[in-house]
Amino acid sequence: MRADDNEENLYHEQLPNVGTLIEESGRKLCRPSTIARKFPIISWLPRYRSAYLVQDFIAGFTVGLTTIPQAIAYGVVAGLEPQYGLYSAFMGCFTYIVFGSCKDVTIATTAIMALMVNQYATISPDYAVLICFLAGSIILVLGLLNMGVLVRFISIPVITGFTMAAATTIGSAQINNLVGLKGPSNDLLPSWKHFFTHLPSIRVWDALLGVVTLIFLLLMKQLTKIKWGNRLVWKYLSLSRNALAVIFGTFLAYILSRDGNQPFRVTGNITAGVPPFRLPPFSTTVDGEYVSFADMISTVGASLASIPMIAILEIVAISKAFSKGKIVDASQEMIALGMCNIMGSFVLSMPVTGSFTRTAVNNASGVRTPLGGAVTGTLVLLALAFLTQTFYYIPKTTLAALIIAAMISLVELERISDMWRSKKRDLFPFVVTIVTCLFWSLEYGIVCGIIANLVYILYSSARPQVLITLEKINGHEVALVDVKQKLDYASAEYLKEKVVAYLNQQNCKVHLAVIKGQEINSIDYTVAMNIISLYGDLKALDCEMICWNWNIGSAGVVCRLKTEMRSIFKFNYELEELIASHFDTSNTASTVTIEPAQGQVNAA
């Protein structure tokens, strides 16, 4: 075989065999291990021990006591009747048992999900149920396509800014309920404006109970830090704080109302019974007017992208936080979450995701497997069937205190100081996210944060670190160009501009530029075109160009584009040897040989 043929093969682009890829993918899908990954219950259920049953029951029961009052509260945050919060709190628990891969995760509605669906749920509950179905379908498809990698593009500063903004907005929306006022809005500024302009209308008994309950919840959270006595007792007392607050508030409201006088604003009637299992609504009626599926989709708009994104972020972040050294399969968690939402929409659920509070309770309670979710789901169903009359007396101020206490824990101010100490530049996407979320909307706020974060990536990509030094090697002045990161289309022009500008400053004294390629792993068509253009520009400046020790794949992109460029790529030379060889043969035509053992090109 001739050297030219060897060289042609060396620079030939290696394309994947589509038929082989499809065949391998088909085999992979049919493997038992693949099926087990999509249905994690197949892996852990055969290894289930009877000793786990007690721990799963205790954990599930404890989570259930936390879930019931929070579900009622978040139903109110969503602008729905309280029972919708309970409808959203049980199906996810059962579905996650089959598809979930993290034993600690508890699926239910969250304050952020409730707030994001509020503007549509207030039109009609059917909107909330339809969003639940559509969001679940989108999440499921993304999970099946292994799109869990997309989560990596959302940085911690953006997530922190979004979480803190959402917590601040939700907590602010409850400040009016805390003191017995009827809040006009779930937005930040209107809530505080209404609070300060209606101070004379504050209901004293509601305010007193709300503030005392809030202090009680915050103090109870600190019980786990007590060093003396039985720590297990303190832990479970702390975990049961929400249930204790609701029981106390409900009992007090019931006792004080026996004379027909109710000093508190109470939750009121909650529709009893388990919701019917039926298809989600693909059309609805609002104020007597028929609303088609297309009209409902048009109304929801961009939220069909933001709600699934936020739901995915929450569950993946929670799964990673409680994975304890295990690798979290983000795509599988998306499949589980998608199925939880799809199944939930059949029982009138609003969108759900992983709940950090309830997951933390589940973990602290010693849950061993996802089966603990069955106990939580059953407890919610029992509450719907038998306890709805009791829920009538739950004071709204108690629920408000419950929500505010949960939101306070999400405002992690120490994260700001951490960012300041580690890298101040990361405060920019954080500030963009939190400001736009607070004063515009949560949906567009997180998009703005992601865009602000991507600006850094694009800026770094467009301006790679290029070090150019002038060195005298073997008596010849040579410009050494060291590119410290991969090149792509965004940085192609920048490299060319830097090299040409530098050589112009040298007043044509340099007759050779060597571009090091050790760290250039791959290039694209745009970079290749600019390398060719740079070669021509340097020729005009009476300067030769050598690309030294480039990756064969990167060199191939240029060489396939323009065959004559093959002579500028040099491999397997020491720098001194390369310079000597170039200037010794500068007046003669270069020849190229192939070293089969090395698989690379050498200049003779």
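Cβ coordinates come from backbone N, Cα and C, glycine included.
Of the candidate ranges 57-77, 540-560, TrEMBL annotates residues 57-77 with the feature transmembrane segment. Of the ranges 153-175, 232-256, 334-352, 372-392, the one with the most Cβ pairs under 8 Å to the transmembrane segment (195-220) is 232-256. The list of residues near the transmembrane segment (89-115) in space but at least 6 beyond its ends in sequence, with Cβ under 8 angstroms from a Cβ of it, reads 38-41, 44, 63, 67-68, 70-71, 74-75, 77-78, 163, 166-167, 169-170, 173, 186, 307, 310-311, 314-315, 318-319, 322-323, 328-329, 332-333, 335-337, 339-341, 343-344, 346-347, 349-356, 358-359, 361-363, 367-374, 376-378, 380-381, 384, 403, 406-407, 442. Highlighted: of the candidate stretches 334-352, 372-392, 428-459, 372-392 has the greatest count of Cβ pairs under 8 Å to the transmembrane segment (57-77). By the Cβ criterion (under 8 Å, sequence separation of 6 or more), the transmembrane segment (153-175) is in contact with the transmembrane segment (428-459), since 3+ such pairs are found. Two recorded stretches are said to be in contact when at least 3 C-beta pairs lie under 8 angstroms, sequence spacing 6 or more; the transmembrane segment (428-459) and the transmembrane segment (300-322) meet this definition. Scored by C-beta pairs under 8 angstroms, the transmembrane segment (334-352) has its highest count with 127-146, from the stretches 127-146, 300-322, 372-392.
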